[in-house]
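What follows is a single structure, written as structure tokens, with notes after it.
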Amino acid sequence: MPKTAKNKRNNAASGPYDKKSKGSGSTNIFKFDKDYGQHILKNPGISDAIVEKAFLKPTDVVVEVGPGTGNITVRALERAKKVIAIELDPRMGAEVTKRVQGTPLAKKLEVILGDVIKLPQIPPCDALISNTPYQISSPLIFKMLSMPQPPRVAVLMFQREFAKRLVAKPGDSLYSRLTVNVNFWATCTHIMKVGKANFKPPPKVESDVVRIEPYLGSARPNIAFEEFDGLLRIAFNRKNKTLRAAFSIKEVLALCEKNYKVYCTLHNIPLDESVLSDPSLTADMDVDMDANSDTDNDNDGDAMEEDDDDMPTFFKEVKEAEAAKEAAKTPSKNPKSKVALIVRAKINKVLTKTGLANKRARQCDQNDFLKLLLAFHEEGIHFS
């Protein structure tokens, strides 16, 4: 005689990604993939609010990243001229297509299957909306902000701690390279908190919705995104170190030397040896500084900037080369080249001129970093 199936107490599941029971209803069409960060927003009120806060116009083209089963998509289609849904999971792509199949909304929907981060660029659009897969939160923002013509508005759902970083202030523990970039290129507003119970399956963390409005036209800073971000990567590599220490790391010096030589070559400019005649700029050049040379011990509990886990390839290559040299021979103090001496003197000049030498990245706002970048440019030092 077959055994009677036992039900778990209070219909509890052993985990958020367990397979659904056969009789669980038509909405459980497949198992959600946690590798894709699939947490479907099931609260219609929040879906309405996300679309409402985008202030869509009938002429707008909307890009939605990760449409899932289409709960937000349908609402955007009702208001906009077109929605381009970018979906990594083919099953979800088929589901959102089926959602509007046979309706007038179908001709307004375009589905692109693929990873939005690996696309050459985000399709041109007026608005960007997303219940963002948390693992692509930072790359998605940087990709949007670096667009030549970014959307008018983006309404995005993020993990709560990540959202707090977007609106952090100088001195806050969550203040980061991400914070400075977003607030330099856009205005960011917190919209609402979203609890775990509003998703299926529920994530392990709470979420927040934010609205990002990039500066457009003449309001957009006349600075290359990669250039500003390159400076921030150096400053926030260790955000609790002084900027003087950050720019004394040997990998940073090597990068600045390389870029300075390229700049002089491209513009047919001779090396600026005049800075070497100023004793105040060359007094400490005999000290071979590196990441551990900063004597201020204000660590605040973090060693590396938590947002900058993707160290630039150039830094990695330099570190690997240095490690190979150390393994091959006993370290020795080689005499510095003239370019190296010039670049160190120029860095000292910039930090002294701007008055930022002894400030830490976590204490500086976007205007401080802009002042720093422009001063470096005056000395022929670039970061991209």
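Cβ coordinates are placed from backbone N, Cα and C, and glycine is handled just like the others.
For reference, Swiss-Prot has these:
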type	residues	note
BINDING	H39, L41, G66, E87, D115, N131	S-adenosyl-L-methionine binding site
REGION	1-24	region 'Disordered'
REGION	289-309	region 'Disordered'
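Neighbour counts were taken as the number of other C-beta atoms within 10 angstroms of each residue's C-beta; across the binding-site residues E87, D115, the minimum falls on D115. Here S-adenosyl-L-methionine is bound by H39, L41, G66, E87, D115, N131 per the record. The longest Cα to Cα distance in that group is 20 Å. Taking a C-beta cut-off of under 8 angstroms and a sequence separation of 6 or more, L41 (S-adenosyl-L-methionine binding site) has the following same-chain neighbours: S47, G68, N71, I72, N131, M157, V194, N198, F199.
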